[in-house]
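S.K.: Handing you this structure, nothing more for now.
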Amino acid sequence: MVDIAENGRTWLLSGPASSYALHLTEADELLHLHWGPRIALADAEALALSPLPAYWPFESPLDGREEYPVEGGPRFVRPALSVRTEERRGTEWRFVSHQSEGDELRLTFDDDGLAVTLHYRMRGDVLERWVTVANGGHARVELLRADAATWTLPDREGWRLSQLHGRWAAESLLATAPLTYGEKIIGSRRGHTGHQHLPWVALDTDATEERGEVYGCALGWSGSWRIAVAQLPDARVQITGGAGYDDSGLLLLQPGESYTTPVFAGLWSDGGFGGASRTWHAYQRAYVIPDADRDRPVLFNSWEATNFDISEEQQAALARRAADIGVELFVVDDGWFGARTSDRAGLGDWTPNPDRFPHGLKPLADQVHGLGMQFGIWVEPEMVNPDSDLYRAHPDWVQYQPGRKRTELRNQLVLNLAREDVQEYLWEQLDTLLSSAPIDYVKWDFNRCFTDAGWPGEPYPQRLWVDHVRALYALLDRLRAAHPSVAFESCSGGGGRIDLGVMSRTDQVWTSDNTDPLDRLAIQHGFSQIHPARVMAAWVTDSPNTQLNGRESSLRFRFVSSMAGVLGVGGDLTEWTGEELAEAHRWVELYKEIRPVVQRGDQYRLRPPAGGLSAVQYVLGDETVVLACLQAQHYGEPVPALRLRGLDPTASYECRETGEVHRGAVLLHHGLRTGLKGDLDATVLRLCRI
Ligand code: DGJ
């Protein structure tokens with residue numbers, strides 16, 4: 001809901017537990033007033049009366065207080081908006097109008113024909129912010145930088161910054177450190193979201209997992225991006241974020257053209273990091289993820305089992321095994337198309353390899369359907385191998401700098417998706433593919449970063465960075481509209497493209513190529529800070545782990561680790577013994593029982609993976625599920641009990657595994673024993689309120 005002061009210059013947006021307020025001075029300076037617990041309009045109006053500090057001339061009274069600091073005038077902070085016209089650089093705006101509708105507020109400013117609109121939309125307790133810049137009068141406007149928002153934190157001492165960092169096979173690792181003066185910058189200059197940072201930060205001073213104030217910000221953009229967290233000279237903290245890594249130019253706006261930034265969402269929670277995560281999860285399930293109330297099926301993916309060496313008969317054999325253990329969706333990964341027998345060839349030619357699938361994909365898809373499963377397929381549409389029919393026909397369709405070497409990574413080049421002919425080619429190829437066989441699922445991969453992002457002949461080639469992402473989104477939207485029953489997975493060599501932007505167009509994401517169940521606990525712990533289990537794909541693969549570390553682990557440990565998200569199986573089932581297959585079947589059936597609670601419930605991180613016992617708990621209505629993993633038991637000491645969360649202290653709960661009845665108050669205060677011991681042990685405990 002939006003409250004507006006009578007003078008039309010103070011605005012208050014409120015969700016169930018939080019409020020956000022801003023104020024426009026008589027000089028048209030837009031100041032931040034409040035972000036935190038719910039307040040009344042009168043409180044915001046009282047805050048608006050506080051005078052700006054009298055810093056001058058070496059500091060600016062506006063710095064650290066403005067909603068959207070533009071370049072120019074008495075400001076020394078990082079500008080969120082930087083524009084260049086034929087005459088000058090910078091912005092000096094005049095307030096034009098405000099509009100509000102439901103939970104949405106729009107404030108429009110004008111600078112001599114350049115219209116800047118700040119958008120605010122409350123979604124539960126998550127505030128979405130974005131900006132539109134429109135050229136209404138200039139011969140040309142160069143947008144050097146247009147961030148989606150600047151967030152301002154209240155005055156506190158001792159801010160800490162949490163981030164999710166990583167690299168291939170080690171994504172989403174949580175790191176927290178004190179913030180000091182100056183700027184901390186995270187982002188990607190790789191053309192995709194990147195494995196190195198999830199576009200999320202959290203700021204707190206003394207929060208714990210379940211208590212204390214946490215501020216979180218997350219960007220919905222799948223290209224290069226930047227989030228700058230600045231502690232200013234007076235210790236105030238601002239967080240600015242948007243598309244693009246540097247300020248060298250996003251787009252050129254011709255008269256009548258406009259640019260809309262991605263959404264930079266933010267929340268305040270006083271429920272600690274756990275409370276903040278649950279608010280993020282609820283927001284994504286309600287407003288971001290398509291059909292989030294529909295649970296995701298258990299899938300099998302062929303990648304680790306068969307790599308590039310695939311055939312129709314061999315995939316059919318795997319499919320029969322997968323069906324036997326209860327899998328619901330069978331996905332053929334890389335290697336089914338063009339001349340793709342290794343990573344050296346074939347990308348770009350999205351028709352079935354005639355030697356491997358002589359009658360196309362339909363016979364296999366029909367067999368899979370006949371086994372009672374859905375059928376899925378892998379693609380990597382934004383790429384091309386030089387050894388492909390597509391590249392031979394259109395060598396100029398890739399990103400390249402004239403006269404320079406075309407950098408190959410994984411033997412592939414990036415297609416220039418900003419070109420309309422490339423967009424049309426991909427649409428035709430993928431639309432034809434999805435119409436050629438009963439395909440229910442597309443795993444959409446992206447396996448290299450931009451390196452030579454040039455576009456010979458294009459007057460403003462920088463636009464390729466933004467336009468690639470826009471074209472990707474448009475292609476996904478068009479395919480989804482034309483094939484509404486097909487679900488999509490976002491993958492980028494594991495977790496290289498996970499963000500709120502792609503998540504609004506895909507049904508789940510591939511978390512990491514690291515399928516080692518122990519490493520996964522830390523990756524999943526980080527992932528859950530922002531994203532819900534409902535999108536977090538996790539596969540049980542072979543032991544010893546073939547991809548990374550050779551670690552041996554039991555099926556039990558592998559399954560429990562993977563049941564914390566959308567369960568998948570990725571091992572070579574043709575090599576599994578009858579006993580292993582029977583055990584796998586039992587775990588898959590158990591997952592199906594707990595799936596609604598895991599995928600739709602409130603998640604509580606009971607203990608982080610730190611070497612010993614770790615556990616996550618999910619609560620949906622009367623049902624509770626605990627997934628507990630013990631990495632190593634030391635010194636013969638008993639494994640600690642798990643203090644549960646989110647239960648009714650006055651109720652009793654029956655544990656399905658043991659038949660024991662526990663008092664809610666006891667589970668909350670004293671905890672539940674897991675019975676785990678030794679190394680790499682794990683268990684699932686289901687509790688039902690009675
Ligand atoms: C990278 C993905 O993350 C893997 O799961 C697999 O699909 C390979 N690409 C295939 O090339």
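Quick reminder: no glycine exception, Cβ is built from N, Cα and C everywhere.
Curation plays no part in TrEMBL annotations; they are all automatic predictions.
Okay, these came from TrEMBL:
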{"type": "DOMAIN", "residues": "29-250", "note": "domain 'Glycosyl hydrolase family 36 N-terminal'"}
{"type": "BINDING", "residues": "Trp168, Asp333, Asp334, Arg410, Lys443, Trp444, Asp445, Phe446, Asn447, Cys491, Asp513", "note": "substrate binding site"}
{"type": "ACT_SITE", "residues": "Asp445", "note": "active site, nucleophile"}
{"type": "ACT_SITE", "residues": "Asp513", "note": "active site, proton donor"}
{"type": "DOMAIN", "residues": "614-687", "note": "domain 'Glycosyl hydrolase family 36 C-terminal'"}
S.K.: Given the substrate binding site residues Trp168, Asp333, Asp334, Arg410, Lys443, Trp444, Asp445, Phe446, Asn447, Cys491, Asp513 in the record, what is the largest Cα to Cα distance, rounded to whole Å?
M.R.: 19
S.K.: For Asp334 (substrate binding site), what residues in its own chain, 6 or more apart in sequence, show a Cβ-Cβ distance under 8 Å?
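M.R.: Same-chain residues close to Asp334 (substrate binding site) (Cβ under 8 Å, separated by 6 or more) are Trp303, Asn307, Phe308, Arg340, Asp343, Trp378, Glu380, Asp445.
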S.K.: Measure the Cβ-based neighbour count of Trp168 (substrate binding site), defined as the other Cβ atoms within 10 Å of its Cβ.
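M.R.: For Trp168 (substrate binding site), the count of other Cβ atoms within 10 Å is 16.
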S.K.: Where DSSP helix means H, G or I and strand means E or B, what are the helix, strand and coil counts for the domain 'Glycosyl hydrolase family 36 C-terminal' (614-687)?
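M.R.: Across the domain 'Glycosyl hydrolase family 36 C-terminal' (614-687), the residues distribute as 6 helix, 31 strand, 37 coil.
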S.K.: Applying a 10 Å Cβ distance cut-off over all chains shown, what neighbour count does Asn447 (substrate binding site) have?
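M.R.: A 10 Å sphere around the Cβ of Asn447 (substrate binding site) contains 22 other Cβ atoms.
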S.K.: Validating a neighbour-count step here. Other CB atoms within 10 A of the CB of Asp513 (substrate binding site): how many?
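M.R.: Total other Cβ atoms inside 10 Å, all chains included: 20.
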S.K.: Check the domain 'Glycosyl hydrolase family 36 N-terminal' (29-250) for me and report the mean pLDDT.
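M.R.: Mean pLDDT across the domain 'Glycosyl hydrolase family 36 N-terminal' (29-250) comes out at 96.
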S.K.: Where does Lys443 (substrate binding site) sit in DSSP terms: helix, strand, or coil?
M.R.: strand
S.K.: Is it possible to get the count of other C-beta atoms within 10 angstroms of the C-beta of Asp445 (substrate binding site)?
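M.R.: Result for Asp445 (substrate binding site): 24 other Cβ atoms within 10 Å.
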S.K.: Which residues does Lys443 (substrate binding site) neighbour through Cβ under 8 Å, counting only same-chain ones at least six apart?
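M.R.: Expected: Asn301, Val331, Asp333, Gly376, Ile377, Trp378, Val379, Phe488, Glu489, Cys491, Trp510.
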